[in-house]
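As recorded in Swiss-Prot, the features of this protein are as follows:
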type	residues	note
COILED	140-268	coiled coil
CROSSLNK	K400	ubiquitin cross-link
CROSSLNK	K435	ubiquitin cross-link
MOD_RES	M1	N-acetylmethionine
MOD_RES	S14	phosphoserine
MOD_RES	S29	phosphoserine
MOD_RES	S88	phosphoserine
MOD_RES	S91	phosphoserine
MOD_RES	S94	phosphoserine
MOD_RES	T117	phosphothreonine
REGION	47-66	region 'Disordered'
REGION	110-157	region 'Interaction with BCL2 and BCL2L1 isoform Bcl-X(L)'
REGION	243-448	region 'Evolutionary conserved domain (ECD)'
MOTIF	106-125	motif 'BH3'
Amino acid sequence: MEGSKASSSTMQVSFVCQRCSQPLKLDTSFKILDRVTIQELTAPLLTTAQAKPGETQEEEANSGEEPFIETRQDGVSRRFIPPARMMSTESANSFTLIGEASDGGTMENLSRRLKVTGDLFDIMSGQTDVDHPLCEECTDTLLDQLDTQLNVTENECQNYKRCLEILEQMNEDDSEQLQRELKELALEEERLIQELEDVEKNRKVVAENLEKVQAEAERLDQEEAQYQREYSEFKRQQLELDDELKSVENQVRYAQIQLDKLKKTNVFNATFHIWHSGQFGTINNFRLGRLPSVPVEWNEINAAWGQTVLLLHALANKMGLKFQRYRLVPYGNHSYLESLTDKSKELPLYCSGGLRFFWDNKFDHAMVAFLDCVQQFKEEVEKGETRFCLPYRMDVEKGKIEDTGGSGGSYSIKTQFNSEEQWTKALKFMLTNLKWGLAWVSSQFYNK
């Protein structure tokens with residue numbers, strides 16, 4: 001019973017392939033190791049390298065023991081031991097087997113045997129660059145590689161042999177020829193070295209010149225960049241000046257066009273537009289007159305009289321005419337005439353209507369005085385232009401205007417004892433005479 005227990009608790013230690021890490025089943029020759037075999041395997045190692053004293057004494061102490069054979073038992077646990085090169089020497093060659101105390105002899109023999117097997121693999125690994133143990137397939141692969149290496153080595157050996165034979169067959173003449181060639185090659189080498197030194201010197205000179213040229217090129221690049229910036233600035237200023245010049249030229253051209261238009265423009269016609277609207281004569285769109293059917297506001301009539309006074313005043317100034325007996329005072333819709341004989345007397349050319357309009361005759365006196373000024377203008381024009389003639393003859397003493405080219409009747413410019421129709425027609429004829437006078441002045445003084 002105890003033997004069975006001891007047998008079931010025994011641990012088997014196995015090895016793995018150092019290339020593919022597959023578990024190995026060792027050959028039976030590793031299980032039977034005698035003293036002679038151990039000495040044969042360890043002899044090369046002891047002659048080439050110094051063995052550790054402890055290991056030698058341990059092997060000599062255990063060399064007289066009887067060989068043993070490992071038997072596999074059911075229920076035995078197995079443990080893989082890592083390769084010896086990946087562990088220290090002490091740990092690689094030390095094994096601890098756990099079992100019953102009563103089976104101490106068997107455990108000691110197994111431990112010694114495994115230690116010896118591990119040492120053998122260490123010896124094999126130390127002799128080559130390959131770690132041991134190896135499985136059969138890895139061993140075959142290794143052998144193929146070694147065969148290939150052997151063939152290469154043999155080929156090299158053959159080549160060396162042939163070279164040696166050629167050298168041995170060479171005579172003294174060939175040796176002298178080779179010596180001459182060697183001297184020539186040495187001279188050639190010296191010449192080439194000298195040329196190389198000259199080239200190196202030239203290279204240094206060229207490098208220095210290149211640095212100078214690069215510095216000069218950099219300076220020129222900077223100057224070029226500066227010139228480019230200055231050119232761009234000048235170009236920008238030129239474009240701005242060109243734009244300003246074109247703008248000024250356009251302004252001058254526009255001003256010239258406007259000047260030409262102004263030269264061709266009749267200032268009096270542009271300023272004083274005399275026309276008619278039905279039975280009314282108009283000046284600058286202000287109606288001068290009044291009808292029962294069209295009761296024009298007195299503000300509009302006063303404004304029309306103001307424009308009429310301004311027109312006659314401008315024509316007289318253009319001709320250098322000074323009126324006798326009266327002086328025109330253009331004052332908008334409150335224009336009037338001053339009597340030159342009585343400075344305190346003013347004749348208003350404006351009216352507000354009402355009852356006072358029918359009893360106050362100053363407005364009528366002012367209109368008759370204005371008609372007198374128009375007659376003086378006509379007479380002044382006739383002095384220099386005998387053919388000048390107004391379309392409607394004026395009778396200043398009666399204060400009437402005759403329709404010489406039409407019905408032949410005369411119409412009073414006064415409002416008292418007169419109808420609005422006749423008064424309006426008289427004012428229309430007066431504006432027509434002023435329009436003719438304006439046209440004559442424009443033709444005579446257009447270029448002055």
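A Cβ is built for glycine as well, from the same backbone N, Cα and C atoms used for every other residue.
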K400 (ubiquitin cross-link) in three-state DSSP notation: strand
Cβ neighbour count within 10 Å of K435 (ubiquitin cross-link): 22
Inter-residue C-alpha distance, the residue listed as 'phosphothreonine' and K435 (ubiquitin cross-link) (nearest angstrom): 150
Close in space, distant in sequence - K400 (ubiquitin cross-link), Cβ under 8 Å, 6 or more apart: M394, S410, Y411, S412, I413, A426
The region 'Interaction with BCL2 and BCL2L1 isoform Bcl-X(L)' (110-157) - residue tally per DSSP class, helix then strand then coil: 40 helix, 0 strand, 8 coil
Per DSSP, three-state class assigned to K435 (ubiquitin cross-link): helix
